[in-house]
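Right, one structure below, let's go through it.
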């Protein structure tokens, strides 16, 4: 069954945060639903649609930004009370806009996530979870990493209250009271939680999660241990998931899964007989989708998906057909309606243009007076800097509430800029004197008109650390710019994991000295990504990491006065030794450094590099042959005389060239890693082998795994 949805933009409010739009329950059997949305100006707006126009119901005064908006009410009754989280306060409004609640939680941080169930209120700041019942404090929990979302399994179906926290360290924490029952590892940092089918399924225990790297899954949260039902990989490399909802948009009597992503993609999944998701519809918008819900808003009898985008657009994807079948009288009526609508829009446009001219003149006059105060226009930038496990690169996503003019990227460390298919901006590179300015990269992206979202991909080199800066200039007058900074860490290609292979040959670095637990934790935060900035609770902590480029691993265990780091890659240990001793010296802390080097680990790392190196060398050789083979093909008129291997290269020429183009300096990067491994192996023995590097590069040019291993052993 084909699903066709037509887009209709209803209204624009201020910039919106994740999960800040809801549809109120319909007041009558055939009545359309009202939409309520909160924005970052602190305004909650409620409106309905009549004859295609947005009609306001109520609008609150501006204030602190609205971080979350939820509906509530007594259990088993229509959920039509509106609750908004602003700063550390919860406010409640009736569906008519009358405020009935102002609850100051006294949290030291702003509320980031909220869930409401009857008289129970579940709130989360960055690391703190609080449970209130009738605005009285019940339970408290301090999380080990940042909390992105919170939900509670349905209390109607279960004997006790079971809240679940979605935490940045790829873990769902299942709570009971103020204690954690157990942790559930998920394949990416979870950003959103929802009850499967809107009610937790038959058992009430089925929980849907979406991750920042675009994966979806359902887990059954039982009282003893989790059961993973299904998991959907992000094969199409789409954006992270910001919002989900369940609604029967297909109209087959079974609720479908609606998904909104941070790259603007909207998806509808139906469920097959085995309860597995099947993609039925997708549509790309130009900016991230912050909220999504199914209902009936625009016209009676036509279901739709209502969604909110980052810049505040409330948009409907409706089942109502664009071209309606009608009789002669109806056609005249529709034409008249359309003409009235066009006339109304023209009037609005003329009024806005007149207002812009007035304001511009006013600004020009005030700027020329002697008492003028320069005012810089403010604009909101939504940015995300994340490591992709699939290709060991960082994604930098910049989203602005208005059109972007250009973005200048500057880095004081060597990084590669990779191609992004979705990116339509024109990039130009500026040469710079590295020794004078310390600018390893200066690039400007000039955006096309109406581009509000820009995605860049970069790849860093481990051991070289510093700062990446993005200067964002939107198309607004007077010209203004915002600078965003992103730290490139010494071990930037490492990603947090929960399990490692303890049977691998490990090298160990041990640090001892007069340093506190907080100090050693701050050093680890400086060196490695995905480590919570807050010092963990307890006296000792262990973190596991995996190198996304080489698949080597790292185990770090530290406490007050001692830090133990184990890795199967000597270069990782070498980088840690150099950086940690440098950081300790800055703080005038005397460190005792001891290390144990496992000779077998070097060959083990070379074997991990081997398939990647072999593939890249083969790819480079194939690309070099393409031009010569094409000349032969033109000369001979066909390819029948070529051996199958060469025919295959010609057939796949475009794909091979595209792949080679997408991997700039990939081969050089692998050469560099092998060279570092060679130098580091002998550095720990107290030998300088830099004079032998040219010979090593010669061996790599005519690569043979056994010859390379023999060279490492003989040197």
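Cβ atoms are placed via backbone N, Cα and C, with glycine included.
Bear in mind that TrEMBL entries carry predicted annotations, made automatically and left uncurated.
Here is what TrEMBL says about this protein:
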type	residues	note
DOMAIN	21-319	domain 'BBS7 beta-propeller'
COILED	335-362	coiled coil
DOMAIN	377-486	domain 'BBS7 GAE'
DOMAIN	494-595	domain 'BBS7 platform'
DOMAIN	600-712	domain 'BBS7 helical hairpin'
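With helix defined as DSSP H, G or I and strand as E or B, the domain 'BBS7 GAE' (377-486) counts 4 helix, 60 strand, 46 coil. Summed and averaged per residue, pLDDT over the domain 'BBS7 platform' (494-595) gives 92. Note on the domain 'BBS7 platform' (494-595): DSSP counts are 28 helix, 37 strand, 37 coil. With DSSP states grouped into helix (H, G, I), strand (E, B) and coil, the domain 'BBS7 helical hairpin' (600-712) comes out at 93 helix, 0 strand, 20 coil.
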